[in-house]
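Novice: What Swiss-Prot lists as divalent metal cation binding site is ASP8, ASP9, SER43, ASN96, and the listing cites sequence analysis.
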Amino acid sequence: MRILITNDDGINAPGLETLEAIATEVAGPAGEVWTVAPAFEQSGVAHCISYVHPTLIAELGPRRFAAEGTPADCVLAAIADVMRDNPPDLVLSGVNRGNNSGENVMYSGTVGGAMEAALQGLPAIALSQYMGSRTAVLDDPFQAARMHGPRLIRQLLDYGDWTSDEDFRLFYNINFPPCDAGSVKGTRVAPQGRRQGVRFEVEPYHAPNGRRFLWVLGGSQTAEATPESDVDANMRDYISLTPMRPDLTCHKTLAELRGVLEEG
């Protein structure tokens, strides 16, 4: 098996090292793990692609590349250039330092990398490690992902469904709870949730030279979540697994609007 890995925290992020270990275990002795990851942190870029300027790419070692672009750029660089003659069988994006559940999905570069792979027709999984007070005291805050990740990926590969009921390929979003590996209670297949109390804030800053800047600050990640959602599962020490597709259509409203607005 040939696996491509990327992330949004950057080529030197500890979560990418965790993902390399996970991918190596899944690929097996005869497999290959290729890394094409951002040269610099790209958190919060979602599914952005850098088509307005070229992307500098550097080979750092055998099957290891850094691109000055987003996770989606990295996936495209791998498919169109680095791995053009031998495309990946699976794309893994992560392991993100922090959860990508709930509304975080919409901002996540980690999810964006997996989504781009799905749009390119490849099986893809995004992996994120929820962080909190219990992971902060661990020598390896990614240990839940490191221990449980290979098993979940194998289960999804065995399940083998990468198509949806529409024209889009599925990809999967996995979030590991904010606890040590031994405290994980199991896995819950859950929908994307919503935390009503989470809001971004903008803080102004005036530089000594008179220029005015704005810092975008994230809200609390512990606000009450939609019951039985991905966030809810994580807060109860379960791994959440959410099947997703690159389609934002609200099909319920689509059907209703057709009856109201369409003529002829």
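Just so it is clear, glycine is given a Cβ too, placed from its N, Cα and C backbone atoms.
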Novice: Return the residue, from the listed binding-site residues ASP8, ASP9, with the maximum count of other C-beta atoms within 10 angstroms of its C-beta.
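Specialist: It comes out as ASP8.
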Novice: Validating a neighbour-count step here. Other CB atoms within 10 A of the CB of SER43 (divalent metal cation binding site): how many?
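Specialist: By my count, 18.
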Novice: Using a Cβ cut-off under 8 Å and a sequence separation of 6 or more, which residues in the same chain sit near ASN96 (divalent metal cation binding site)?
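Specialist: Those within reach of ASN96 (divalent metal cation binding site), by Cβ under 8 Å and sequence separation of 6 or more, are ASN7, ASP8, ASP9, GLY15, SER108, THR110, ALA126, LEU127, SER128, GLN129.
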Novice: Quick check: which same-chain residues outside ASP8, ASP9, SER43, ASN96 lie with their CB within 8 A of the centre of the divalent metal cation site CB atoms?
Specialist: ASN7, GLY10, ALA13, GLY15, GLU41, GLN42, PRO71, GLY94, ARG97, GLY98, SER108, GLY109, THR110
Novice: According to DSSP, which kind of secondary structure is ASP9 (divalent metal cation binding site) found in, if we only use helix, strand and coil?
Specialist: coil
